[in-house]
Structure formats: C-alpha cells, structure tokens
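Colleague: So that we are looking at the same thing, I have put the structure below in structure tokens.
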Amino acid sequence: MSLKSFIGGIHPKDQKQYTKDLPIIKIKASDEVVFPLKQHIGASCQPIVKVKDEIKVGQVIACSDAFVSSPIISSVSGVVKKIEERMDVSGKMQESIVIANDGLYQKVENNNNKQELTYEEKIERIKAAGIVGLGGAGFPTHVKLSVKDSNQVQYYIVNGAECEPYLTSDYRLMLEKTDELIAGIHVLLEMFPKALCYIAIEDNKKEAIHLLKEKCKDEKRIAVKELKTKYPQGGEKMLVKVLTGKTLNSKMLPLDVGCIVDNVATVIAINQAVRYNQPLISKVMTISGDGITPSNIEVPIGTSFKWIVEQLGGFKSEVQKLICGGPMMGSALIHLDIPVTKTSSSLLALVQDEVSLFEPSACIRCGRCKDVCPSLLVPQKLYQIATKNDTEAFILNGGMECIECGCCSYTCPAKRNMTQAFKKMKYLVSINKRK
C-alpha cells in the first residue's frame with residue numbers, strides 16, 4: 001500500500017536509535033528555577049507576584065489580560081528570588097521570574113473537581129492550565145480551540161509524526177501514555193461533535209502505530225493514519241494537505257478549512273487539565289547526541305539545561321554544538337544557563353563527527369532547493385532577492401509561504417544558509433507592516 005505524503009521534502013538520517021527504546025525518566029527541578037514571561041505566541045505575561053513572595057506548585061505567577069496569551073505557572077514551591085532579565089532559548093534577554101526551589105513541592109489546593117463541564121468551561125480549564133502548542137510553535141491552545149460554531153470543525157488531527165531527527169519524546173508518550181492520549185482525544189471530540197480524529201504517525205514508528213490501532217479498533221471517530229517517513233511530514237500545512245486534501249497558505253489557519261492540529265503532548269495536557277484540573281508544569285523532552293547520555297526525560301518547566309546535563313552525568317566528550325529542538329528547526333544554545341520552557345522539545349549535544357562546518361560558495365543552479373521545497377517555492381530566486389533586502393519582491397515571489405523547515409539549506413551543495421535569510425526577510429516584512 002502506498003503511504004500518503006507531500007510534494008518535496010528530504011530524508012535525513014533519523015538518528016532516533018539513541019533514544020527510541022528508552023522509557024521516560026523523571027528529573028527533579030534545579031535549586032533555582034527561571035520562568036521567562038513569554039513562552040508562547042501572543043502577548044507577554046506580567047508578574048502577579050513580587051520578590052520574597054512564597055510560591056506553591058501550580059500557582060499562577062504571571063498572566064495577561066490579552067486573549068492571545070497564556071499564564072505562567074510555577075512548577076515548584078519556594079520563594080521569589082528575583083524578577084529580572086534572563087537569557088531565553090533564542091538568545092534574547094527576557095523578563096523572568098526567578099524562584100528559589102525549597103524542594104518541598106507544596107501544591108496549591110485544587111477544590112474544583114467538577115466533572116460535567118460545558119464547552120466554555122473546558123476552554124477555561126485549558127486556558128487556566130497554561131497549555132500551548134507543545135510541538136514547538138507555542139500557540140495558546142484555548143485560542144485554537146475557541147470557535148464560534150463547534151460543528152465547523154470537521155477534522156481534529158493529532159500530530160504524532162515527530163519528523164525531526166533525534167527527537168523521540170512524542171513517540172515515547174504514545175507508547176507510555178496511550179490511554180491518556182485517547183482520553184484527551186475523547187475530550188476534544190466531545191467539544192467538536194462533527195469532527196473525525198486522525199492520529200498521524202510516520203511509518204518509522206511501527207510499535208506506536210500497532211498499539212494505537214489496537215486501542216482504537218472499536219472507535220468510530222478515531223483513525224490512525226500511517227504516513228511516509230519524510231521531513232517535514234509533521235508540518236501543519238503538510239498534515240492538513242495529506243490527510244484532508246485541503247490547502248493552506250500563510251494567511252490561513254487550519255480552522256479556515258475545518259481542521260485543528262495539535263501534537264501528542266498537547267492532547268495529553270488537555271486531558272490532564274479538563275479531567276483533573278491539572279496545570280502544565282512539566283515537559284517531556286529528548287536528550288540525545290554523542291556528547292551526552294541519551295535519555296527521554298520529564299522535567300519541571302523552569303529547570304536549567306545545565307542542571308539536566310549534571311543529573312545525566314555531564315558531557316561524555318567534547319561537544320561542538322548544543323541545540324534546543326531538532327537539528328533542522330531548533331536553536332543553537334550559547335550556554336546552558338537557560339531554562340526549559342513550555343516549547344522546549346530536546347537538548348542535543350553534538351560532537352565533531354555529528355557537525356559539519358562549511359563555507360558557503362557560489363550557487364551552481366542545480367535546482368535541488370526547488371525540488372525539495374514543500375511549499376513549492378524557488379528558494380534560489382528568493383535567496384537572490386534576500387541578499388538585496390527587497391521585501392516587495394520577496395512577497396511577490398511567495399516568500400511569506402516559507403515554513404522555515406530548512407530543506408533548501410540542507411540540500412544545497414553550495415551550503416548557502418537560505419533558511420536564515422528567509423527568516424530575516426519575513427521578519428523585515430512584519431516590521432514594515434507595523435509602520
């Protein structure tokens with residue numbers, strides 16, 4: 001049987017052998033935890049605590065009145081030590097709340113155990129839990145699920161593709177928290193009574209496919225969809241097109257074509273919030289690369305990457321590059337004194353043999369970048385435009401449709417960093433629109 005896929009894309013080595021068979025282990029929080037006030041798309045949060053305040057696990061410490069935002073919730077108990085600028089994963093300085101962890105993990109009392117909830121009450125619990133898209137985008141989940149008519153949602157897509165090399169945390173969640181995942185899907189199908197649910201999984205995850213098909217064999221509104229292993233199969237636009245035949249452009253949301261897409265970890269968090277009124281305070285992540293002990297971990301949000309490395313025994317050899325996220329779309333870390341946030345998916349410690357350093361050279365017009373572009377763009381032409389900072393030409397040639405997947409840069413024999421150039425151009429376009 002021919003598996004569904006999309007036009008373009010690449011086949012990098014998946015490197016999942018390091019961690020795919022390793023169960024998730026729990027790591028306690030560091031002695032000092034740091035909470036950047038913007039861990040999501042939308043408005044930054046403002047502190048609602050002050051220095052020397054005593055804090056409990058599950059307590060909201062920052063929030064915003066804006067609809068597109070998400071509250072920051074403490075993962076530890078202790079005392080607010082500082083409110084100051086700290087570096088985040090992107091390398092930017094961001095206002096952050098620093099809490100001295102007392103190690104007691106005293107929790108906020110949870111007195112709201114109501115089980116029969118309306119659609120609006122479920123949305124409110126999801127919002128109060130601080131849930132955002134945990135696959136990396138960080139879009140507030142309560143915003144995504146807030147629709148004028150619940151019947152307009154035709155497809156609810158659970159993204160279990162996890163197409164980035166090295167990453168296996170979603171795969172482990174599908175194996176270890178299968179029942180919680182399906183329970184979360186049931187919550188969402190109750191919210192959207194006309195929707196069908198597709199669980200999308202690449203065919204290199206046979207055990208998860210088999211387990212979920214068995215668990216869902218009697219489900220009339222849930223189907224497991226096995227997809228061809230290809231990067232970026234897990235992209236939102238790719239999944240919607242492959243599974244429903246509907247096309248999205250950069251000005252559209254999946255909801256515009258009757259779809260909602262959430263990743264595996266997000267659906268499990270939704271289940272915890274709606275059924276048990278539990279907030280999002282921890283993150284399941286993959287730790288991989290030849291420079292560190294491979295692991296899948298669950299760690300409290302706010303814990304430093306430095307602490308994680310120490311708990312895993314330190315680096316095994318000299319590390320050439322540290323990446324938070326996958327090697328295709330992740331961020332290189334300047335140092336390890338940076339906190340885990342809601343959108344952190346991994347820490348990769350890559351050694352010399354895993355890192356290639358090249359100087360870019362002249363374009364040879366081979367056309368490979370065009371062949372692999374999943375957005376059907378002509379990256380070679382866009383790159384020439386980007387060197388001139390011509391935002392008007394960039395827009396006219398479809399540059400805003402770039403999903404920043406990195407396929408063009410990966411396949412370019414001249415090693416031109418096209419993806420970075422396109423990110424810069426999209427940023428310039430957004431700045432110009434604000435003027």
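Glycine is no exception: its Cβ is also placed from the backbone N, Cα and C atoms.
What you see is a predicted model, and the numbers here were worked out from it, not measured in a lab.
Pulled these features from TrEMBL for this protein:
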{"type": "DOMAIN", "residues": "354-383", "note": "domain '4Fe-4S ferredoxin-type'"}
{"type": "BINDING", "residues": "CYS363, CYS366, CYS369, CYS412", "note": "[4Fe-4S] cluster 1 binding site"}
{"type": "BINDING", "residues": "CYS373, CYS402, CYS405, CYS408", "note": "[4Fe-4S] cluster 2 binding site"}
{"type": "DOMAIN", "residues": "392-423", "note": "domain '4Fe-4S ferredoxin-type'"}
Colleague: Whole-number answer please: how many Å between the C-alpha atoms of CYS366 ([4Fe-4S] cluster 1 binding site) and CYS402 ([4Fe-4S] cluster 2 binding site)?
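Modeller: CYS366 ([4Fe-4S] cluster 1 binding site) and CYS402 ([4Fe-4S] cluster 2 binding site) have their Cα atoms 20 Å apart.
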Colleague: Using Cα coordinates, what distance in whole Å links CYS412 ([4Fe-4S] cluster 1 binding site) and CYS373 ([4Fe-4S] cluster 2 binding site)?
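Modeller: Cα-Cα distance, CYS412 ([4Fe-4S] cluster 1 binding site) to CYS373 ([4Fe-4S] cluster 2 binding site): 11 Å.
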Colleague: Take the mean position of the Cβ atoms of CYS363, CYS366, CYS369, CYS412, the recorded [4Fe-4S] cluster 1 site. Which other residues of that chain put their Cβ within 8 Å of it?
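Modeller: Counting only non-site residues, the set is ILE364, ARG365, GLY367, ARG368, PRO379, GLN380, CYS408, THR411, PRO413, ALA414, ARG416.
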Colleague: Let me spell it out: take the domain '4Fe-4S ferredoxin-type' (354-383), skip the flanking residues so only those 6+ beyond its ends count, and list any with a Cβ under 8 Å from a Cβ in it.
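Modeller: Tertiary neighbours of the domain '4Fe-4S ferredoxin-type' (354-383) are 6-10, 232, 235, 237-238, 289-290, 320-321, 394, 397-399, 401-403, 405, 407-408, 410-418, 421-422, 425.
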Colleague: Would you mind listing, in sequence order, the residues at least six apart from CYS405 ([4Fe-4S] cluster 2 binding site) in the same chain with a Cβ closer than 8 Å to its Cβ?
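Modeller: TYR231, PRO232, GLY235, MET328, MET329, PRO374, THR419 - these are the non-local Cβ neighbours of CYS405 ([4Fe-4S] cluster 2 binding site), listed in sequence order.
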Colleague: DSSP on the domain '4Fe-4S ferredoxin-type' (354-383): how many residues come out helix, how many strand, how many coil?
Modeller: 11 helix, 0 strand, 19 coil
Colleague: Take every residue in the domain '4Fe-4S ferredoxin-type' (392-423), average their pLDDT values, and give the whole-number result.
Modeller: 96
Colleague: Roughly how many angstrom lie between the C-alpha atoms of CYS373 ([4Fe-4S] cluster 2 binding site) and CYS363 ([4Fe-4S] cluster 1 binding site)?
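Modeller: Their Cα atoms are separated by 17 Å.
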